[in-house]
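In what follows, a structure is listed as structure tokens, so that the remarks can point back to it.
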Amino acid sequence: METFALYSPSSTTPFPPSSRISLHLRSRPFISKSQPSISPKFTPRPISALRSPPSSRLSILNSKPFLFNPLPKPYNTHKPIHALSSSSDTKDSIPESKPQGAKLLPLIISVSVGLIVRFFVPKPPEVSTQAWQLLAIFLSTIAGLVLSPLPVGAWAFLGLTTSVVTQTLTFSTAFGAFTNEVIWLIVISFFFARGFVKTGLGDRIATYFVKWLGKSTLGLSYGLTISEALIAPAMPSTTARAGGVFLPIIKSLSLSAGSKPGDASAKKLGSYLIQSQLQSAGNSSALFLTAAAQNLLCLKLAQELGVIIASPWVSWFKAASLPAFVSLLATPFVLYKIYPPETKDTPDAPAMATKKLELMGPVKRNEWVMVGTMLLAVSLWVFGEALGMASVVAAMLGLSILLLLGVLDWDDCLSEKSAWDTLAWFAVLVGMAGQLTNLGIVPWMSLCVAKSLESFSLSWPVAFGVLQASYFFIHYLFASQTGHVGALYSAFLAMHLASGVPGVLAALALAYNTNLFGALTHYSSGQAAVYYGAGYVELPDVFKMGFIMACINAVIWVVVGTFWWKFLGLY
């Protein structure tokens, strides 16, 4: 899951508070009931109220409703200031605050995990006291990431503090991962995603595909799927793509067809489009190294274990290309058969998409700057090794261009909370995982697993299948793709290596799986929470379709991947 907080100018869909992912709308509740606001409250106008000649306005009023708002809302970061009438009014209108601090039961369980390992589980003679103590802190940190006694970043900071206070790690060692290039590349990727949403470029690209392929429901689904695959390498957050670009379009298309969330009419169009986009998103993210934040983290953890992938962007794409393309082509069609929409044709969609593009006007300056910057960044990611430029330096260059030319401002970067939260807890997990390797914990665990597998006389292909399936389906216990990577990727990769699986094959397969299990449940990833929150898919269908499509994707990736990876020489 990528955990991503995003202001979306085109999305007004509410999401349930229980979701681990939220798209934070940039507004605040009014404090006063009676006094006027110093700055006026913005009230969205209906499409019919758009400025236009009277005749045009009349034709709009008499025509069918638009599929989606033809003009995106302005990306406004201004927050209104409201006058206070009296202290009593203020007291009455301010809601009571919820209890603060850690949740008691998850806190007790998470801390107990570490204490039990440290003081009650016998330390193996091959492992030092320092290493065993760090393992206890790490396991307690992972337990907290799953149980959430505190927000992820806060709990990770507590684990980091514990490692320093107990003198398990020195201060410089504990904070060493905060200078990690991959982590900063992930942070900058969040800023790129914000640029796509702020400029409206992602919305424009998707609308073009609705115009070209939207005459039927199946064609509409393929148009949305292809547009996400094209946007993915330059918009490195599946959650941002879901909430900032595709969910608003899907919802508007569905409402125009009379398909309403939480209603029997949801199955007319909305349910199918939501499921198709959710299940396809994992393949889009698996196709490109820069399509999701967890991909970069996977390769960094693989490097910690000595698995170095030359020309990572190109190598990743080559290995993923054929199985991902087959899955992307198969997913909308398979779901069309097993989870069919009631509405098969959408003849008005292309015309209405054309109308929206007309009202949006020509491509604006900031959109052209965004296009040029991302083409430059992707080119440098592809050819950077030959040019002697690291991926993070290419990303830094791209962000600098966006800042210099005003596409993004520094407030945009500061307000991207998920980027800074990710920096904090990713760095803690990567740092701890690296030190567990350096102190000998991971090699010791790998040796134990290798001995266990040898006792069953398993060949490496069989061990590969067992470990990959275990890594995939254990995600039912996780509510975050990145959390899953931080907790288990290193351990499972070490088990693969100990079983004789070729290192590059094992590292890439685990990373691809990390994207594919994002659609298992409604809580398995950020995008899953976003799409489920739209209200078009019932919970039993989420689990049912998630499991069925997981099995279908597994068959495609195993069958196609077996021959393709052999052809590429990965084993």
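Cβ atoms here come from the backbone N, Cα and C positions, even for glycine.
Per TrEMBL, the feature region 'Disordered' maps to 32-56.
Residues or ranges marked as compositional bias 'Low complexity' by TrEMBL: 44-56.
Within its own chain, the transmembrane segment (104-121) has Cβ neighbours under 8 Å at 132-133, 135-137, 139-140, 143-144, 147-150, 155, counting only residues six or more beyond its boundaries. Here TrEMBL flags 104-121 (among others) as transmembrane segment.
Positions annotated as transmembrane segment by TrEMBL: 133-157 (among others).
Residues annotated as transmembrane segment in TrEMBL: 169-193 (among others).
Residues or ranges marked as transmembrane segment in TrEMBL: 366-383 (among others). Residues 192, 195-196, 198-201, 204, 233-234, 289-290, 313-314, 389, 391, 393-395, 397-398, 401-402, 405-407 of the same chain sit 6 or more residues outside the transmembrane segment (366-383) yet have a Cβ under 8 Å from a Cβ within it.
Long-range neighbours of the transmembrane segment (389-410) within the same chain, counting only residues 6 or more positions beyond its ends whose Cβ lies under 8 Å from a Cβ of the stretch, are 181-182, 184-185, 188-189, 191-192, 194-195, 198-199, 290, 312-313, 366, 369-370, 373-374, 376-377, 380-381. What TrEMBL lists as transmembrane segment is 389-410 (among others).
The transmembrane segment annotation in TrEMBL covers 422-446 (among others).
What TrEMBL lists as transmembrane segment is 458-479 (among others).
Annotated transmembrane segment per TrEMBL: 491-512 (among others), in sequence order.
The transmembrane segment annotation in TrEMBL covers 545-565 (among others).
Ranked by Cβ pairs under 8 Å to the transmembrane segment (422-446), the stretches 133-157, 458-479, 491-512, 545-565 are led by 133-157.
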